[in-house]
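Below is one structure, written out as structure tokens, with a few remarks after it.
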Amino acid sequence: MEASWGSFNAERGWYVSVQQPEEAEAEELSPLLSNELHRQRSPGVSFGLSVFNLMNAIMGSGILGLAYVLANTGVFGFSFLLLTVALLASYSVHLLLSMCIQTAVTSYEDLGLFAFGLPGKLVVAGTIIIQNIGAMSSYLLIIKTELPAAIAEFLTGDYSRYWYLDGQTLLIIICVGIVFPLALLPKIGFLGYTSSLSFFFMMFFALVVIIKKWSIPCPLTLNYVEKGFQISNVTDDCKPKLFHFSKESAYALPTMAFSFLCHTSILPIYCELQSPSKKRMQNVTNTAIALSFLIYFISALFGYLTFYDKVESELLKGYSKYLSHDVVVMTVKLCILFAVLLTVPLIHFPARKAVTMMFFSNFPFSWIRHFLITLALNIIIVLLAIYVPDIRNVFGVVGASTSTCLIFIFPGLFYLKLSREDFLSWKKLGAFVLLIFGILVGNFSLALIIFDWINK
């Protein structure tokens, strides 16, 4: 039985026991991998590159939808919700790392196996596959819709018939020439430098959003005609709302959960970290989440204060409408699109690992299988990006169904199952709160989204 599960160092049924203070301190500094195994590996990825990789896993197209979320929750409501989700995301990573140290497993899927046997492993692997496919397709959807417009702004005259202004053609070329080769790399640490480039692109985007807040007047002066109606701003539209609730608010928590989900990449990054320990990886996580929170909040706040109620579900569309030929805006569009693009290969790693563990866990590594799984995933996400019309559908449904499981429900549930601590202990109470919060958020948000679709 032990051989069929892979490299377990303990039997199923082992539990996280109540720890003495000195044992807890030793756990914080203990490595996930044995010293012998770690010596056989490369020296590892530095702390900084690990932070960049994790931030790249966290940040993606979600940054474009948060200003829209802020407009539908209010400044104070958004701030509270975003901070709450960020803290809960960090705590759920803490639970995952604790369980991995104690059970001596190195993957999210194996935690599911350790807690609930083979069904647990299959559920976790299936959830990871669905979530990561949804995430990657949403990133490619951004590229398909925005890249042709970004290129067209640099051109004069009518070039509408040319291939480089066709979103589907560009999408296929990019996936074949960039995404697929990067996704084929054998180790996630190789993407550290591209992840650092993506981080600086995101910082540049946030800086431009701040600066351009004073370039677009409010009330908006543009007379924009669409479907026979004139759209304009009035003075009341230029007052920020501190609290706001509407049907569109149903997308708030799912979008935020989607924007902070990095849990499928935690253990792959941990296993390649230089001098890996629970405390060191938790510091990587806290740093990445804090920096992501800062960039998210700044870009969402100033994006909202630029357009107020007229903010688009994809923030870049607003700048295309009102600053269509601004050189800085045109440049930042290309930067943010490139940053989103560089996230896709990183998300390939946990998705491919989940497929491998679900169907080929007892087989040795094969480059042919590695190639074919990567190719299949690439084809699937391209097809989804072509046929899913609204990015909010991806954000809402994926966030409500799978992201909440991976970020809230599974860590809390697994810890409650494996731990033999007293239920009133702080860790177990925290795991219980995490579980209940995830169930409520997922079900409530999904119900509201379906209700909104029916009304439309």
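Glycine residues also receive a Cβ, built from the backbone N, Cα and C atoms like all the rest.
Looking up the ranges 42-62, 147-167 in Swiss-Prot, the one annotated as transmembrane segment turns out to be 42-62.
Among Ser7, Ser17, Ser34, the residue that Swiss-Prot annotates as phosphoserine is Ser7. Scored by C-beta pairs under 8 angstroms, the transmembrane segment (371-391) has its highest count with 170-190, from the stretches 111-131, 170-190, 191-211.
A Cβ distance under 8 Å defines the sequence-distant neighbours of the transmembrane segment (288-308), meaning residues of its chain 6+ beyond its ends; these are 51, 54-55, 58-59, 62-63, 66-67, 69-71, 75, 78-79, 82-83, 86, 89-90, 199, 202-203, 205-206, 209-210, 212-213, 216, 218, 220, 233, 237-240, 259-260, 262, 315, 318. The largest share of C-beta pairs under 8 angstroms with the transmembrane segment (327-347) comes from 191-211, of the ranges 42-62, 191-211, 431-451. On the backbone, the CA of Cys218 (disulfide bond) and the CA of Asn283 (N-linked glycosylation site) stand 42 Å apart.
Among the listed recorded positions, namely Cys218, Cys238, Asn283, the Cβ with the most fellow Cβ atoms inside 10 Å is that of Cys218. Using a cut-off of 8 Å between Cβ atoms, the transmembrane segment (42-62) and the transmembrane segment (191-211) share at least three residue pairs, counting only pairs 6 or more apart in sequence.
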